[in-house]
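Pulled from TrEMBL, these are the features on record:
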TRANSMEM  20-45  transmembrane segment
TRANSMEM  65-95  transmembrane segment
TRANSMEM  200-219  transmembrane segment
TRANSMEM  239-257  transmembrane segment
TRANSMEM  264-286  transmembrane segment
TRANSMEM  306-328  transmembrane segment
TRANSMEM  377-398  transmembrane segment
TRANSMEM  451-468  transmembrane segment
TRANSMEM  474-496  transmembrane segment
Amino acid sequence: MSQKQLKEAFISNLNGTSLLEISAGLSLPPLCLLCRGLLLILYYLHHGKPVSSRKYSLLLDFLVLVSPLLFSCTVLSPIIFFIPVILAAFCAGIFSKIYSQRKREAGAPFGQIVKEFQKACLDPECIPAITVFRVYVNVLTSISILAVDFPQYPRRYAKAETYGTGVMDLGVGAFIFGNALVCPEVRQKSHTAQPRFSSLARQVFSVWPLVSLGVGRLLSVKSIEYHEHTSEYGVHWNFFFTLALVRLAASLLLAIFPKHKAWLAALALAGLYQLLLGTTSLKMFILHGSDGRGSRLGFLDANREGLLSLFGYLAIYLASVQAGLWLLQRRSSVRGWLEALRGLALAVVALSVLLQLCQACTEPVSRRVANLPFCAWVLAHCLLLLGLFVLADLALVFTKLLVKGSSVPCCWKVVQPLDSRKKHGMEAVPEGRQGELSQLCLISAINKNQLLFFLLANVMTGAVNILIDTIHSKAAFTLCILHLYMFFNCLVMYILHARNIVLKFW
């Protein structure tokens with residue numbers, strides 16, 4: 001077999017992993033975020049000032065926010081269930097140290113801090129969990145697209161061939177979910193009167209970079225005979241085309257139907273698509289082609305997975321729009337977000353029950369087909385991850401109340417109550433030195449140029465695969481390459497952020 005055939009075989013015919021293992025992995029990013037925030041608060045407590053060095057800030061963010069994920073999906077994957085426990089214990093130790101030192105300094109009683117926390121007002125204009133969710137989906141995707149080519153990345157984490165739940169299968173759906181959370185239909189204020197098809201017109205213009213990237217990927221892959229998994233999207237199709245068409249189709253539907261009923265459109269679309277899969281020959285066509293032998297004759301046959309899975313991804317996008325509209329409802333208090341957490345938990349439970357029922361009555365999860373179980377699985381786990389990020393943010397808000405003046409970038413800002421501001425004629429004043437610290441945050445840096453970060457990761461992945469025999473790499477070499485690759489990508493974003501450069505002109 002040629003090197004190209006070896007690499008294609010290495011990522012083919014896989015069956016995924018368990019839902020429990022994926023859930024355990026999803027707890028790691030929020031714990032990393034919580035750990036980073038607690039370390040910054042502890043530093044402020046000891047030194048009376050935030051981390052001021054950009055060099056050390058980047059190193060801290062990379063070592064705490066990114067590096068643990070690299071280890072957990074490679075050499076530490078056999079003990080993946082213990083890693084969240086270890087990280088949680090480490091966070092508890094830092095919090096205990098912060099609280100004990102604050103207690104020695106004769107601060108307010110713990111009960112008073114709890115009451116202050118419950119009454120605390122948060123900046124309603126910013127929901128850090130959404131930003132962090134989208135950034136981490138990008139980071140995890142960037143790690144996986146290169147790590148999957150190394151033997152240290154468990155095969156069960158890679159994309160399943162037909163049925164199964166791989167980590168990378170979830171990543172594809174999470175990318176759709178994250179894009180829908182901040183789409184124009186969600187960000188557009190409901191009370192502003194705008195033309196009905198204005199969002200559609202903007203989306204037509206805004207997706208041209210995705211179409212260009214899709215064409216660029218297609219030409220580059222074919223020209224250098226780069227290894228590719230044909231049954232993933234087809235011969236000519238790729239994820240950039242999927243994302244572009246889903247955004248356009250969703251904008252068209254949301255221009256016709258009320259956006260606050262998007263979940264009904266999503267349910268109807270996913271249900272009808274699943275009905276067609278179960279009662280017609282559509283599923284056989286997707287899996288085995290028009291002749292039943294997997295032929296790729298004609299454009300539709302050659303790209304059947306990419307084209308027909310659009311219905312499932314569109315359902316995920318529409319449901320995610322509904323989630324985004326619900327999350328962006330104005331909540332300015334901790335109590336409001338604790339209630340929102342309860343709502344997220346109920347949604348996760350309902351979707352998990354739907355997933356089990358769908359798998360029992362229809363078929364298992366299939367990313368290749370993007371069936372109803374796949375939609376329910378993606379939405380349940382994305383809402384779970386989002387809820388964990390909200391929980392981590394609230395924990396950091398509580399800790400910041402223990403250490404007055406401390407601040408954590410990409411975390412909620414505590415503001416004065418509205419009544420108090422009106423009484424004194426003041427604007428909302430966030431605690432700490434949030435504006436300064438935001439310049440030293442890796443999450444903010446990646447968030448400013450997310451598409452560029454994803455594109456750079458794809459280019460670097462291709463370069464590494466061309467230059468290195470990834471399949472036969474040793475563990476130490478693999479870890480070194482993956483860390484250098486991710487650090488380079490993060491460093492480029494960090495430098496652009498430091499210079500206030502946003503490479504977006506569409």
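Backbone N, Cα and C atoms are what each Cβ position is placed from, and that goes for glycine too.
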In contact by Cβ distance (the transmembrane segment (377-398), the transmembrane segment (65-95); 3 or more pairs under 8 Å): no
Long-range neighbours of the transmembrane segment (474-496), counting only residues six or more past its ends (CB under 8 A): 54, 58, 61-62, 66-67, 70-71, 74-75, 139, 142-143, 146-147, 150-152, 442, 445-446, 448-449, 452-453, 456-457, 460-461, 464, 468, 502-503
Residues from the same chain, set at least six apart from the ends of the transmembrane segment (239-257), whose C-beta lies under 8 A from its own: 172, 175-176, 179-180, 183-185, 196-197, 199-200, 203-204, 206-207, 210-211, 213-214, 217, 233, 265, 306, 309-310, 313-314, 317-318, 321
